[in-house]
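Undergrad: According to TrEMBL, the repeat 'PPR' annotation covers 26-60, 90-124, 183-213, 214-248, 276-310, 408-442. Per TrEMBL, domain 'DYW' is recorded for 623-715.
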C-alpha cells in the first residue's frame, strides 16, 4: 500500500497526498495513516485523523492504535478514558492498558486491569510478571508465577533475572534448576549474576557446563574477573575468546583503566577493530584521570562521533586537572553543538565554577538545571549547593539547600561546612540541630564541620561538648581531622598549653595539618618558641611546604627577628622551596580579573591605583594604622607601607568597588591566606564605602561590613 510505504520512509506529506487523493477511504487507509503518524512521532496528526474518521470506518484496530499512542506519550489518563469509551474491546486493548501501567510503574493499576480481563493471553501474563519484577516486588511475582504452570522460557528468565538483581542467588539457582528448557539467556543470566557478585568459581563452573557458550557468556565471565581485579586471568580469557564484540573489548580496556594500567589500555584500544563511542569515552576518561589532559583532548578531537558522555568526560578531565576555565569553555561548546546536557556535564561544570569562583556562570547553570528538572535531585542539588558556598553566596547556598527535596547526609554536611567557612558558626549549629531533628545520623564529616564552626567562631565550650559526646551520641570515634579542629579551637582561644596536652594524648601521631593548626595558633598569640617546634615537625613531614615557612617567617618578623627571617629564606632556597605568588581575582560581568601584588598589567591600573591612594588617605583618617611588622623584609617603615598598600587583595577590592554596581556584594578570592594588614584595611574600607565585601582566602571566607568581619578577627 502506497501510504504505508511512504510512512515507513518518513515521507508523511507524500502519504497524506495519497490519502487525500483517494475517492473512497476504508478503515485500512485510515488506520495506515494513524499508524504511520505514530511511527513518525506525530501523535497530534494521528489524533486528528482518528477524530475525523466516519464512525463506520472506526474499527477495533483504530481504537487500539490510539490507546497505544497515548501510552507511548505517557498520557495514561487519556488512554484510560479512550479505553472506557471503546464499544468493543479485545485482548489487544486490555494488554495495551496493562503494559502502559506496567511500563510506568503503576503496578497495582496493571494488576487491576489484569484481574478484569475476560480473557488473558501470554502477553498479559508476561506483562504483569515483568511489572512485578522490574519494580522489585518479587514475592508477588513469585505468587503469580506459581499460579500458572505453562510458562515459556522468557518469563522464567525474567523472574530469575529479578532474583539475581536482588542477589537472591538461592532462589535464582532453584528456579534455574527447575527450568524445563534453558536457553542461552538462562545460562548467561546465572553466570553474570555470580560473576558480578564475586562468586567467580561458581560462575566459572556454570560457564564450563553451559552447552553453548556465545559471546555474551564469554563477556560475562570476562567482566566478572575484571570487576574483581583479576586482570591477568581476565586477559587470558579475553585472548581465548573465539569471538569478541565491542562490549568484550570495552570491558577489558575499562579494567585496565580502573586499575591504572594505562599503557595496556592504550595498546588494546589501538588494536581494537570495532570501536564505539563507549570505547573512546573510556580512553578519554583514562587519560584525564592520569593527568594527561592533552592526550585526552587529542582523542576527543579525533572522535568520529560524540555523545553527551564524551562531552562530560572531557569537561570532567579539564576540571579535575585544574583547567577550570577550559572546562567551562567546553561546556559552552557542548551547548552550541546541540548535545543534550546531562547531569554529569552540569555537575563537573558547577565544580569548575566553584573552583574559580565564577558565580554568574554558576547561576546561569543553576537556572538551566531548574528548567531541565534536575535541580531538586540530591546529586545535582548538592553540586549547586557546593558551588554557591564556594563562590561566596551563602544566602543563595541556603536557598539551594532548601530546594533539595531528599537531602542526604552530604547535603547537610555541605551546608554546615559552608556556614562554618563563612564565619556563621551559630547558623552552622542551627543546621546541625535541624539535621538531628530530621532523623539524619551525623557522620565523621559532619562533626568536622561542627567542630570547625566552633573553632572559627571561638565557641570553645560548645566545641568541647560536641567533641566529648560524639562517640556516646553518634558512635563516632575521633580521627585526625577532629583532633586538628580541637587543637585549632583551643589554640585560637589562647589555650596553647591545653592544645599541646591534647596533642600529646592523641592515640596516633599528629600529622602536618595538626602541627599546622598549632603553628597558626602560635602565630596569632606570638608564641615563637612553640611555633618553632611546630614548624620543625612540619618541615620533617613536608620539607617543601612553602606555607609553613611563610607562617614561621611571619612569626619571626612580628618579633623583629630579621636574622631568623633571613635564615628561613635561605633554608627555602637551599631546599628548592618556592613561595607561591599571591594572587587575587574577581568576577565582573562574566569575566575573571586577576591581580598580583603591585600589578601593572591590568588595563585599568591607573584608575585602580588612583582610587587606592584616595582610599588610603580616608582609612587613615578613620583610624587605620599599617601593620608594618607583617612585612617580611627589614626595610624602612615608609617602604613597608607602600609594599602593603598594593597587595593583590586590595587591588581586587578597589577594582570591585569601581566596577560592581552599588547594592551588590563585592566578592574577591585569594589563593593564599589574607594578610593581617589587608584584613584591617578592608574592614575600614567596607565602612567608608558602605559596601559588603566578601573575601575568600585559602582557609575561610571573610564577610566585611560596617568596619567589622564575620571572623571576629579570629582566623
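Including glycine, each Cβ sits where the backbone N, Cα and C put it.
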Undergrad: For the repeat 'PPR' (408-442), what are the DSSP-based totals of helix, strand and coil residues?
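TA: Within the repeat 'PPR' (408-442) the tally stands at 26 helix, 0 strand, 9 coil.
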Undergrad: Can you tell me which parts of the same chain pack against the repeat 'PPR' (90-124), counting only residues 6+ beyond its ends and a CB-CB cutoff under 8 A?
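TA: Apart from its flanks, the repeat 'PPR' (90-124) reaches 60, 63-64, 67-68, 70-71, 74, 76, 79-80, 83, 130-132, 134-135, 137, 152.
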Undergrad: Per-residue pLDDT averaged over the repeat 'PPR' (183-213) comes to what?
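TA: Value for the repeat 'PPR' (183-213), mean pLDDT as a whole number: 86.
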Undergrad: Sort out the residues at least 6 away from either end of the repeat 'PPR' (276-310), same chain, that have Cβ-Cβ distances under 8 Å to it, and list them.
TA: 246, 249-250, 253-254, 256-257, 260, 262, 265-266, 269, 316-318, 320-321, 323, 334, 337, 339-342, 344-345
